[in-house]
Amino acid sequence: MKDRYILAFETSCDETSVAVLKNDDELLSNVIASQIESHKRFGGVVPEVASRHHVEVITACIEEALAEAGITEEDVTAVAVTYGPGLVGALLVGLSAAKAFAWAHGLPLIPVNHMAGHLMAAQSVEPLEFPLLALLVSGGHTELVYVSEAGDYKIVGETRDDAVGEAYDKVGRVMGLTYPAGREIDELAHQGQDIYDFPRAMIKEDNLEFSFSGLKSAFINLHHNAEQKGESLSTEDLCASFQAAVMDILMAKTKKALEKYPVKILVVAGGVAANKGLRERLAAEITDVKVIIPPLRLCGDNAGMIAYASVSEWNKENFAGWDLNAKPSLAFDTME
């Protein structure tokens, strides 16, 4: 049987990434050109800057991904691409490159939901058994997803306001930490104590919804009031207290979801899945099901995860036409 190679593109935000997946499970290359340094001084991602960077480097990323995989353009069997959710300008760069490559070589084009990519990155650890439950935590999303089979995703719970990664970056900015602040807050939290009483919104409510805006506001108010009074607060203790509140919320809702949807596997994915505190809480408290977390290199945005997610779409022959467009607000269906 002839080997099949998927060339995958990911440009939904501030990472330009191209990857090659061989025979559905062997990631041969996963090139990532990060723009973090360009966005740090703004304290967040500037969409126009992100789009321009994607244009500048995407051709080189394609060449590097193919070279690293040890294949040529003629060896590629299909092209996969993120078409949402994300920044519309950034998405369009990846879409344009993917469509051009697929059209020029007469290859099928596979559309992939960015969040499906995060979830299916777990496939790199071991073959997934369905049904399963997933906790997806990133800068733009916090949601619980029930997956009845590969490619069939249903949201069973999500945030009403801020995503957890967004809350991390906002409190990090208040403390003067470098963007993105998640890793630094995690490190500082492990050096401090949970001594500040921050709210755990909706933690006792009988639903699977999250809320982080109240926690974020309480943190900002405490920090602001201390500054006004000239009081000194421990950054380590602030981080420890904030992270403890976040983890309490995430764990409470995840446990409720596992009670409601009996599964054997819990996937935890997205950029925040790299958080050491979250991994420690999962290991200590989720013991009745197997917890699968993608390796750190596949937690952030990358094309490797898009390649893994494209396999089920390819098997279903879910191919896109040349009119495939960016869908910045693309979302999974909600469980009825």
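Cβ from N, Cα, C; glycine included.
Taking a C-beta cut-off of under 8 angstroms and a sequence separation of 6 or more, D301 (Fe cation binding site) has the following same-chain neighbours: E10, S12, C13, D14, E15, S17, I32, H114, G271. D301 (Fe cation binding site) carries neither a helix nor a strand DSSP state and counts as coil. Under the heading Fe cation binding site, Swiss-Prot lists H114, H118, D301, citing sequence analysis as support.
Annotation note: N275 (substrate binding site) sits in a coil segment as assigned by DSSP. Among the features that Swiss-Prot reports, substrate binding site is placed at L136, V137, S138, G139, G140, D169, G182, D186, N275, with the record citing sequence analysis.
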What binding-site residues in the list L136, G140, G182, N275 lie within 10 angstroms of H118 (Fe cation binding site), counting C-alpha atoms?
L136
Secondary structure at G140 (substrate binding site) (DSSP, helix/strand/coil)?
coil
Rank the binding-site residues H114, H118 by how many other Cβ atoms lie within 10 Å of each Cβ and give me the one with the fewest.
H114
Whose Cβ lies within 8 Å of the mean position of the Cβ atoms of H114, H118, D301, the Fe cation site, other than those residues?
E10, S12, T82, M115, G117, S138, G270, N302, M305, I306
The one of G140, G182 whose CB sees the fewest other CB atoms within 10 Å, among these binding-site residues:
G140
